[in-house]
């Protein structure tokens with residue numbers, strides 16, 4: 001799997017303007033990601049998701065995040081996440097390693 005420290009830098013650069021990871025963190029433009037692993041799409045309490053996100057019905061894990069983060073709009077057509085994605089697989093692996101740790105603390 002990826003490098004947690006590199007993943008943290010990627011999160012700060014590409015994700016933190018819209019997402020928080022800490023327990024009890026507030027929703028921003030995107031939902032708080034605490035507890036992400038093992039949760040189904042569109043399930044963060046108190047966040048207003050698109051029907052596309054709620055109806056996707058997958059459970060977030062390393063494999064689903066690897067695919068989603070490459071091209072979010074392709075993976076969930078109709079998502080309001082405007083992020084274009086991370087094309088480099090090793091960068092996605094680093095980000096996922098960080099998320100796995102940070103969203104579970």
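Cβ coordinates are placed from backbone N, Cα and C, and glycine is handled just like the others.
Just so it is clear, the model here is predicted, and its values are computed rather than measured.
What Swiss-Prot lists as N-acetylglycine is 2. Per Swiss-Prot, the feature heme c binding site maps to 15, 18, 19, 81. Annotation source Swiss-Prot lists phosphotyrosine at 49, 98, citing similarity to another entry. Residues or ranges marked as N6-succinyllysine by Swiss-Prot: 56, 73. Annotated N6-acetyllysine per Swiss-Prot: 73, 100, in sequence order.
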Checklist entry - What's the CA to CA span in angstrom from residue 73 (N6-succinyllysine) over to residue 18 (heme c binding site)? => result 16
Item to check | Long-range Cβ environment of residue 49 (phosphotyrosine), under 8 Å and at least 6 residues apart | outcome: 31, 41, 42
Item to check | Cα-Cα distance maximum in Å, computed over every pair in 15, 18, 19, 81 that the record assigns to heme c | outcome: 11
Checklist entry - Out of these binding-site residues, 15, 18, 81, which one has the fewest other C-beta atoms within 10 Å of its own C-beta? => result 18
Checklist outcome for this item: By a 10 Å Cβ neighbour count, the lowest-scoring of the recorded positions 19, 56, 73, 98 is 73
Item to check | Around the Cβ of residue 2 (N-acetylglycine), the count of other Cβ atoms that are within 10 Å | outcome: 21
Next on the checklist: Roughly how many Å lie between the Cα atoms of residue 2 (N-acetylglycine) and residue 18 (heme c binding site), rounded to a whole value?
Outcome noted: 22
